[in-house]
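First the structure, in the form of structure tokens, and then the observations on it.
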Amino acid sequence: MENETVSELNQTELPPQVAVALEYQVVTILLVVVICGLGIVGNIMVVLVVMRTKHMRTATNCYLVSLAVADLMVLVAAGLPNITDSIYGSWVYGYVGCLCITYLQYLGINASSCSITAFTIERYIAICHPIKAQFLCTFSRAKKIIIFVWAFTSIYCMLWFFLLDLNISTYKDAIVISCGYKISRNYYSPIYLMDFGVFYVMPMILATVLYGFIARILFLNPIPSDPKENSKTWKNDSTHQNKNMNLNTTNRCFNSTVSSRKQVTKMLAVVVILFALLWMPYRTLVVVNSFLSSPFQENWFLLFCRICIYLNSAINPVIYNLMSQKFRAAFRKLCNCKQKPTEKAANYSVALNYSVIKESDRFSTELDDITVTDTYVSTTKVSFDDTCLASEKNGPSSCTYGYSLTAKQEKI
């Protein structure tokens, strides 16, 4: 008797001759509880740190929040029901649960794929077309794109409402209820293949091509200059020492920008690679079963496929913590119970020594401003007063210009 389930994610059909082994139940429950539990906590933390930290409300992080919400949906809708499946060996959520849970499963799966595609395109534009990125890669535009992604996937996944039904199988010693199709395999196999092509093959091909272009820019060619950075030019210095200082400062800022972009791109590339690898077993199984007269449904292999999917949805916060200093600091602050609700501006006093040239009765210098970067301060342009604090001497001399830098401490 042919009785297919909607997907191996919530597969509940048992072979007629044997019940699920006790060790299988124990391993399934243990792995699902640990992986899904940690994944749910981690993805909630990602959403909270981006929403609570103003500095982290960037276009890229906006897509990561969308990915975190999609992963939460997968972990809750696809992961946790497997615990009851393992305990009871049957579907216990009824007809409405069959419709809603399956809908949320595929909504989370497809939304995560679209979110990954969106931030891949965003990274490509930001690095390879920095001028266009000034108006294309903005936080407000990212929110609009995410709204479109979720609207599209929500409508697309409504297809499952018309395909699902409860299937009842009667065996010698048990009656098994499963959430499955009310149509034959000849009709739903093309749906699986379309889903495989649109939400897995095409995004992975696009990501491979775009990250190839990104790698060429970041690692083989000089990175295109940011127009905002180009506008912050230094005046020509009247001494050789000032010229060297300006050149060194500019090089440090440039190298810092390149290093930061490389690190962000590496982190996102790891997310994409893990998505491709961890989804491959399940996606491959679906395609293969579409062409088999008797689908392959070995319990331990199905468990392996499910665990790979749950790992993909749970591991992203770990990647952010390992590869992003900002996320790591934000996670630490979120876990700190003594964290203050608001952060006030912090004052910084810096002394700067450099040479000036005496012209008649006054000192003249070409260094009118400087860009200061601190671990906890935004890159800030500081202007200097004309009064030299040092004693006047004949010829070129060294004097100290004092200033007080007041800047709002960045929330990382």
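A Cβ is built for glycine as well, from the same backbone N, Cα and C atoms used for every other residue.
Worth saying up front: this structure is predicted, and the values here are computed from it rather than measured.
The membrane topology recorded in Swiss-Prot keeps A21 and W91 together on one side. Which of C36, C179, C253, C305 pairs with C98 is settled by Swiss-Prot: its disulfide partner is C179. The N-linked glycosylation site entry in Swiss-Prot, when matched to the candidates N10, N82, N255, corresponds to N10. The most densely surrounded of the disulfide-bonded residues C98, C179, judged by C-beta neighbours within 10 angstroms, is C179. For the topological domain 'Extracellular' (289-296), same-chain residues at least 6 beyond its ends with a Cβ under 8 Å from one of its own Cβ atoms are 4, 185, 189, 192-193.
The stretch in closest packing with the transmembrane segment (100-121), judged by the count of Cβ pairs under 8 Å and taken from 29-51, 62-83, 145-168, 194-215, 297-319, is 62-83.
Mean pLDDT of the predicted structure over the topological domain 'Extracellular' (169-193): 82.
The topological domain 'Extracellular' (289-296): residue composition by secondary structure is 3 helix, 0 strand, 5 coil, according to DSSP. Ranked by Cβ pairs under 8 Å to the transmembrane segment (29-51), the stretches 62-83, 145-168, 194-215, 297-319 are led by 62-83.
Same-chain residues lying 6 or more positions outside the transmembrane segment (62-83) and placing a CB less than 8 Å from one of its CB atoms are 9-10, 28-29, 32-33, 35-36, 39-40, 43-44, 46-47, 50-51, 93, 101, 104-105, 107-109, 111-112, 115-116, 118-119, 122, 139, 142-143, 145-146, 149-150, 271, 306, 309-310, 312-314, 316-317, 320.
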